[in-house]
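A quick write-up on the structure given underneath.
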Amino acid sequence: MAHPVQLGLQDATSPVMEELVTFHDHALMAMFLISFLILYALSATLTTKLTNTNITDAQEMETIWTILPAVILVLIALPSLRILYMTDEINNPSFTIKSIGHQWYWTYEYTDYGGLIFNSYMLPPLFLNPGDLRLLEVDNRVVLPIEAPVRMMITSQDVLHSWTIPTLGLKTDAVPGRLNQTVFTATRPGVYYGQCSEICGANHSFMPIVAELIPLKIFEMGPVFTL
């Protein structure tokens, strides 16, 4: 999860998030290259004493500043498209869990376990235990397995919401009347936090998401819920 004064991204807990972190570094290198070239051109223009008022065109320079940006855009677009198709790929998920957004809480339905349904509300400050995170703890966590592809089917009962867990690289809009889906595979156990990432009304800031990831063997014994 995020920490105070954190400058980097959260630690990746899924292959997709690992790819996103790598792509972030890749795009940042391209940005540094562009910034360096622009700053160099500006400094050279300001410091040089060489001038020529008879120049009418510069074919070589125009060719360079046309081809170079095109090459940079291709180098950014190719890995971006690869990750885009990776996030949309659905390959025989082991489990399917449905998440329904409401103003202002989440409902989870385990379709593979007899249609078990429960709500997940943010814990008010008066109910927090020492060490709990303010505005991030919930009464019922969604329990998910690691090392197995899990399909999340996400929709909304009222207005637009967005089911987001940054460390898993997940952000899927919950749209009324529409069922969106995303698949992820978590790589290590733990408790991971997210929040609704679509402004959905007065209490938008008070509908957190808490996913408790446990080993697959334990999950297969029967989901463990904090009900």
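For all residues, glycine too, the Cβ spot is worked out from N, Cα and C.
According to Swiss-Prot, the Cu cation A1 binding site annotation covers His161, Cys196, Cys200, Met207. Look at Swiss-Prot and you will find Cys196, Glu198, Cys200, His204 tagged as Cu cation A2 binding site, backed by similarity to another entry. Feature annotation from Swiss-Prot assigns Mg(2+) binding site to Glu198. Summarising the annotation, Swiss-Prot assigns topological domain 'Mitochondrial intermembrane' to 1-14, 88-227 and lists similarity to another entry as the type of evidence. Under the heading topological domain 'Mitochondrial matrix', Swiss-Prot lists 46-59, citing similarity to another entry as support. What Swiss-Prot records for 15-45, 60-87 is transmembrane segment, and it gives similarity to another entry as the kind of evidence.
Location within the structure of each feature annotated in Swiss-Prot.
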| residue | record | Cβ within 10 Å |
| --- | --- | --- |
| His161 | Cu cation A1 binding site | 30 |
| Cys196 | Cu cation A1 binding site | 25 |
| Glu198 | Cu cation A2 binding site | 17 |
| Cys200 | Cu cation A1 binding site | 21 |
| His204 | Cu cation A2 binding site | 16 |
| Met207 | Cu cation A1 binding site | 22 |
Coarse DSSP state, helix versus strand versus coil, of His204 (Cu cation A2 binding site): helix
Taken over the topological domain 'Mitochondrial matrix' (46-59), the model's mean pLDDT: 75
Cβ within 8 Å of the mean position of the Cβ atoms of His161, Cys196, Cys200, Met207: remaining residues of the chain near Cu cation A1: Gly101, Gln103, Trp104, Trp106, Ser162, Ala174, Gln195, Ser197, Glu198, Gly201, His204
Structural state of His161 (Cu cation A1 binding site), classified by DSSP into three states: strand
For the topological domain 'Mitochondrial intermembrane' (1-14), sequence-distant contacts whose Cβ falls under 8 Å of one of its Cβ atoms, 6 or more beyond its ends: 20-21, 24, 166-170, 184-188, 190, 192-193, 213
Euclidean distance between Cα atoms of Glu198 (Cu cation A2 binding site) and Met207 (Cu cation A1 binding site), Å: 11
Pairwise Cα distance for Cys196 (Cu cation A1 binding site)/His204 (Cu cation A2 binding site) [Å, integer]: 7
Other residues, Cβ within 8 Å of Cys196, Glu198, Cys200, His204 Cβ centroid (Cu cation A2 site): Gly101, Trp104, Val159, Leu160, His161, Ser162, Ser197, Ile199, Gly201, Met207
Length of the line joining the Cα atoms of His204 (Cu cation A2 binding site) and His161 (Cu cation A1 binding site), in Å: 9
DSSP residue counts for the topological domain 'Mitochondrial matrix' (46-59), split into helix, strand and coil: 3 helix, 0 strand, 11 coil
Distance [Cα-Cα, Å, rounded] between Glu198 (Cu cation A2 binding site) and His161 (Cu cation A1 binding site): 5
Chain residues outside the topological domain 'Mitochondrial matrix' (46-59) and at least six past its termini with a C-beta under 8 angstroms from it: none
